[in-house]
Amino acid sequence: MAQQPLLSLPEFQSVSTGTLVVKEPLNFWGGARVKPRDTKNSEPVYEPATGRVLCDMIPCGEEEVDQAIKSAHSAYLKWSQLSGMERSRIMLEAARIIRERRNAIAKAEVANNGKSITEAEVDIDVAWQCIEYYAGIAPTLSGQHIQLPGGSFAYTRREPLGVCVGIGAWNYPFQIAAWKSAPALACGNAMVFKPSPMTPVTAVMLAEIYKEAGVPDGLFNVVQGGAETGSLLCHHPMVAKVSFTGSVPTGKKVMEMAAKSVKQVTLELGGKSPLIIFKDCELENAIKGALMANFLTQGEVCCNGTRVFVQREIMPKFLEEVVKRTKAISVGDPLCEGTRMGALISKPHMEKVLGFIKQAKEQGGKVLCGGERFVPNDPKLKDGYFVSPCVLDNCRDDMTCVKEEIFGPVMSVLPFDTEEEVLQRANNTTFGLASGVFTRDIARAHRVAANLQAGTCYINNYNVGPVEVPFGGYKMSGFGRENGTVTIEYYSQLKTVVVEMGDVESLF
């Protein structure tokens with residue numbers, strides 16, 4: 001009897017906060033969900049908004065990882081032989097299905113991740129747009145012709161890598177799975193994807209959608225697990241590439257493991273990004289930009305501009321307005337349309353964020369608003385992982401809250417006087433994922449962008465990420481890129497073919 005996709009099961013038809021319980025197996029390879037072999041290492045997965053158990057995450061062992069990778073390799077042998085146009089048609093169908101089921105996927109994402117439904121729906125839109133974008137690129141993949149003397153010539157072929165591994169993060173579970181799989185599949189690869197153990201659900205929905213759209217069974221597989229499962233994936237001899245999104249310490253381990261068999265690696269790691277607001281800015285836009293740079297997804301965004309440098313002359317007005325609007329942010333049930341901030345991913349993470357705020361106060365910082373555990377009025381949310389959005393003043397560059405990634409709804413505001421000074425301070429970090437500048441001076445805007453040591457610089461906006469635009473970091477924020485046409489280079493390899501049209505000239 002054929003399996004019902006997760007999205008067609010009754011429990012996913014009318015998701016509301018505190019109601020969803022997932023009992024289906026969440027591994028997927030060979031075109032179907034696969035029951036785990038061993039449940040002894042099962043870990044509970046919690047619904048962030050309520051603190052109740054949503055499902056169990058049962059990690060894959062060595063035999064299961066091997067099965068998933070071999071299934072992917074078999075599918076790769078078929079998929080890579082299709083034309084780009086044939087691959088494109090199937091990917092466009094997957095994008096259409098996601099678009100059609102946007103709301104149901106978004107609700108499942110909210111239950112597992114805790115972000116507001118408003119944001120989750122945008123995430124799902126970005127996912128189908130990404131797949132649609134790379135579906136458009138698939139038929140255009142081509143090489144180059146090089147004319148050589150005597151009528152000889154050479155040409156290049158852009159070829160797939162084989163089986164790629166994607167390791168996702170818990171802040172954008174479905175979107176990251178799409179970001180990694182879409183360019184991989186467009187190039188003719190297969191992918192085995194490991195979601196975060198805290199958000200195991202929606203990547204399986206993507207796998208089922210790809211199957212429904214017509215990809216060969218095994219082309220996009222999902223294995224559940226934590227560090228041990230990730231290690232098995234990185235060490236497997238049939239894996240050609242690993243794309244990882246997550247923390248710097250784990251990224252270093254991924255790179256080390258991949259190096260043993262010289263696998264290609266893309267790393268999208270942490271950040272402590274600067275947002276520089278000059279006194280000549282359009283202040284209203286700068287305030288909105290600062291809020292967008294700090295409070296999306298409860299502050300759990302790697303590229304957030306959490307070090308907000310404000311030119312001293314406008315600091316009082318900026319703080320007054322930012323605090324007023326931060327206090328007005330609606331925190332609560334993430335499935336309610338009016339909610340603008342949901343729950344943090346887990347209780348330990350919530351406690352870590354609150355610990356950063358406590359330490360900031362001990363180091364001289366001043367909490368202008370928020371920074372406390374928030375308990376909504378709704379009784380079912382009393383055990384949720386909510387934190388009121390926080391603005392910190394009196395911050396210094398040497399404070400922990402300014403140097404380390406908090407990954408929560410905490411904005412650290414710092415004054416500055418000159419462009420030269422703020423650039424030096426902004427670049428004084430081991431991270432280099434993103435940056436931003438607000439100014440009306442077009443020359444200054446481009447000068448500052450050129451001098452900021454980061455993979456992305458936003459001018460007069462922040463946290464805008466169209467799928468057409470490459471995204472990735474400098475320094476310890478990683479390397480490689482996601483999105484944009486350049487990502488094709490990270491999921492393919494170039495073969496040079498040299499053709500002699502005359503006789504061989506030999507020295508021997």
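Using N, Cα and C of the backbone, Cβ positions are placed for all residues, glycine too.
A quick note: this is a predicted structure, and the numbers were derived from the prediction, not measured.
Per Swiss-Prot, the feature active site, proton acceptor maps to Glu268. Among the features that Swiss-Prot reports, active site, nucleophile is placed at Cys302, with the record citing sequence analysis. Among the features that Swiss-Prot reports, NAD(+) binding site is placed at Lys194, Gly246, Ser247, Val248, Pro249, Thr250, Glu405.
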Rounded distance in angstrom between the Cα atoms of Val248 (NAD(+) binding site) and Glu268 (active site, proton acceptor): 9
All-chain count of other Cβ atoms within 10 Å of Glu405 (NAD(+) binding site): 19
Sequence-distant neighbours of Ser247 (NAD(+) binding site) in its chain (C-beta under 8 A, six or more apart): Leu269, Gly270
Distance [Cα-Cα, Å, rounded] between Pro249 (NAD(+) binding site) and the residue listed as 'active site, proton acceptor': 12
Helix, strand or coil at Glu268 (active site, proton acceptor) [DSSP, three-state]: strand
Where Lys194 (NAD(+) binding site) falls in three-state DSSP terms: strand
Among Lys194, Thr250, Glu268, which are recorded as recorded positions, the nearest neighbour of Cys302 (active site, nucleophile) by Cα: Glu268
The one of Gly246, Pro249 whose CB sees the fewest other CB atoms within 10 Å, among these binding-site residues: Pro249
Cα-Cα distance linking the residue listed as 'active site, proton acceptor' and Glu405 (NAD(+) binding site), given in Å to the nearest integer: 14
